[in-house]
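Remarks on the structure that follows.
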Amino acid sequence: MRQRIIAGNWKMYKTIAEAEQFANAVKQAELSATVEKVICAPFTALSALSAILKGTEIKLGAQNVHFAEEGAYTGEISPLMLKELGVDYVIIGHSERRQYFNETDETVNKKVKAALQHGLKPIICVGETLAEYEANETEAVVRRQTEAALQGLSAEQVSVSVIAYEPVWAIGTGKSSTAENANQTIAYIRHVIASQFDQDTANAVRIQYGGSVKPDNVAGFLQQSDIDGALVGGASLTVEGYLGLIAGASTK
Ligand SMILES: O=C[C@H](O)COP(=O)(O)O
């Protein structure tokens, strides 16, 4: 049985003060223990959040990582630095990074390996653009991205990783995929992992859906056979939204 996982991706939102206010409020709330809860915050807010969320069930995530432990890489943050801050998860290969920051299948793979070697769990993003969707290339794209991201990993490393299927055309547009279509693609990703590794590994890995998930549609996605959680942008930015997502995700 795979534990459900809701991860908020704050993207480039929230100052330290705003992040602290959010964490102090969420900390007071009663949260479902059945759902794993993650907040992926900007680097600048991680230290403050780590102090506030210490000892709670809410885990901390980053939104990117470099693949080297240290070096002359101006502007980058290493896995060691994230570990030191108490970070558990790191988003790797988000479509915004692929689109605007030249993230490639190869750098995603290097980052995934580096994260796992340092005890960080990667949330690996895959998903097709609108043009690829319209050209019926969804399966080919997610296969290529998934196989490349997981190349050279052990089955155990894959089992603790999280994949997020995010159709690019559904991100921040208010236009979500139908739960059935998202489930079909996520089941396909599981099939790809079974071929690349084995069925047990494919059954263990958690696969989220992302793209315009809200408190009122999250349960519909999670009722599907292969969807284990959600990676949520906009709706995770308010306390009410984040708590609503967790409540929605805990319904059977
Ligand atoms: O990482 C989260 C995704 O990009 C989804 O963003 P969204 O929930 O604002 O559509």
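Every residue, even glycine, has its Cβ placed from backbone N, Cα and C.
According to TrEMBL, the active site, electrophile annotation covers H94. Contacts of H94 (active site, electrophile) defined by a Cβ separation under 8 A and a same-chain sequence distance of 6+ are given as N9, Q63, N64, E103, C125, E166, in order along the sequence.
Look at E166 (active site, proton acceptor): DSSP puts it in coil. Annotation source TrEMBL lists active site, proton acceptor at E166.
If you look up TrEMBL, you'll see N9, W10, K11, G172, S212, G233, G234 marked as substrate binding site. Counting every protein chain shown, the Cβ of G172 (substrate binding site) has 12 other Cβ atoms within 10 Å.
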Query: Pick from G233, G234: which of these binding-site residues has the biggest number of other Cβ atoms within 10 Å of its Cβ?
result: G233
- prompt: Just counting, how many other CB atoms are there within 10 A of the CB of W10 (substrate binding site)?
  reply: 23
Task: Consider only the binding-site residues W10, G172, S212: which of them have a Cβ under 6 Å from an atom of ligand 1? Write none if no residue does.
output: G172, S212
